[in-house]
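Per Swiss-Prot, the features are as follows:
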BINDING   165-172, 190-194, 212-215, 282-285, 311-313  GTP binding site
BINDING   SER172, THR192  Mg(2+) binding site
DOMAIN    1-158  domain 'Obg'
DOMAIN    159-330  domain 'OBG-type G'
DOMAIN    353-431  domain 'OCT'
REGION    118-144  region 'Disordered'
Amino acid sequence: MFVDQVKISLKAGDGGNGITAYRREKYVPFGGPAGGDGGDGASIIFEVDEGLRTLLDFRYQTHFKAKRGDGGQSSNMHGKNAEHLVLKVPPGTIIKSADSEEVLADLVENGQRAVVAKGGRGGRGNSRFASPRNPAPDFSENGEPGEEIEVTLELKLLADVGLVGFPSVGKSTLLSIVSKAKPKIGAYHFTTIKPNLGVVSTKDQRSFVMADLPGLIEGASEGIGLGHQFLKHVERTKVIVHMIDMSGSEGRDPYEDYKVINEELSAYEHRLEERPQIVVANKMDMPNAEDNLALFKEEINDDSVHIIPLSTFKHDHIDELLYAIADKLEAVKDIDFSKDEEEDLGVNRVVYKHTPSQDKFTITRDDDAAYVVSGKAIERMFKMTDFNSDPAVRRFARQMRSMGIDDALRARGCRNGDIVRILGGEFEFVE
């Protein structure tokens, strides 16, 4: 089964908790603090595996949670870092934030990696807080929470050649002849509803990857008939093979078919106009095909359009087509697809990391008049504080003051004894 778009949830591993411990050894008076740091949580990394061709694995498992780091130990021993969770994806996978649709990574080459959800830092042990003023701190820090994000994975096939055209013009039949691919073939429209890939080898030992794309219809560039799902796979092909039913057996005019498909390609992505194209006049074994081809050439009236007449039924001129495709591929330069897509979409692509929002905090009111403080920075500190330790609670209060939260609460009208909430935890405001 071919799957080219999925939505999944990611939760990177939390950092391990630091520990409060002291050095207790014979003949070592005033040993001091000896609590070790927690280990770092596991990040979630996407890696390209050239052996994959679909996102099928992500259809049945949509939630991924990485492991947390181990806790710190006494004698200043650091907790073990968690092993990163590596998710394999096929070449051509684009990772977007499900909320903002920002492109987080565009993975093309085999082995390419992108860290999309970063694991939390391990919490610090009490020895890390020692100072001349407080040489034996009796508190430690919890691990930092790992990032949590929903992403959309979108696959754009990486094929050298894309077969385009109206339904039932012979695209799947051609692919089955020139490669070992076994696409579904039937005497009805839209037999192919998912792209098929095949590796093609010419008699002079040249090879390329060909994609049989589902049939297009008028309005495909506007999404009609699942047009967007099909057209996106054309974007990354280097050569377009435009197949036309020259017999007109479906009651359509070959020249009109040619114009409509090219207009849809241009409307979807204007750079596709510049992509090398070979026109395949198929079904030349049928009645009226020769006359239709002569009229077609007359209507185009452009010698630069490369037209190859053939019959997939009789296997005529197949080698001529394959040689022409191989020649076009050798002549075309490498195309930087990612750059083109960024210019069109106006996106800022962030590869190998996800940068969260840096908002400090916001203050709102609950229905019971309690003040609610929210924001990534303060919520991160809240989760990393051990509220079973009075010194840790006092440190959290100092951090709130240094961030300006106390002053902001006063400005909002908060008075002595009022309730302040952070992530469900309740505090009493004290002047």
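A Cβ is built for glycine as well, from the same backbone N, Cα and C atoms used for every other residue.
Taken residue by residue with DSSP, LYS171 (GTP binding site) is part of a helix. By neighbour count, meaning other C-beta atoms within 10 Å, the densest spot among the binding-site residues LYS171, LYS283 is LYS171. If you check the binding-site residues GLY165, PRO214, LYS283, SER311 against SER172 (Mg(2+) binding site), the ones with a Cα inside 10 Å of its Cα are PRO214. Secondary structure of the region 'Disordered' (118-144) per DSSP, as helix, strand and coil residue counts: 4 helix, 1 strand, 22 coil.
The average pLDDT for the domain 'OCT' (353-431) in the predicted structure is 87. Using a 10 Å radius centred on the Cβ of SER172 (Mg(2+) binding site) and all shown protein chains, the other Cβ atoms total 24.
Here the domain 'OCT' (353-431) has, by DSSP, the following mix of helix, strand and coil residues: 29 helix, 17 strand, 33 coil. In the structure as shown, the Cβ atom of GLY165 (GTP binding site) sits within 10 Å of 23 other Cβ atoms.
Over all protein chains present, the Cβ of SER311 (GTP binding site) has 19 other Cβ atoms lying within 10 Å. In the structure as shown, the Cβ atom of PRO214 (GTP binding site) sits within 10 Å of 25 other Cβ atoms. DSSP assigns SER311 (GTP binding site) to a strand in the three-state reduction. Other Cβ atoms within 10 Å of the Cβ of SER168 (GTP binding site), summed over all protein chains shown, number 21.
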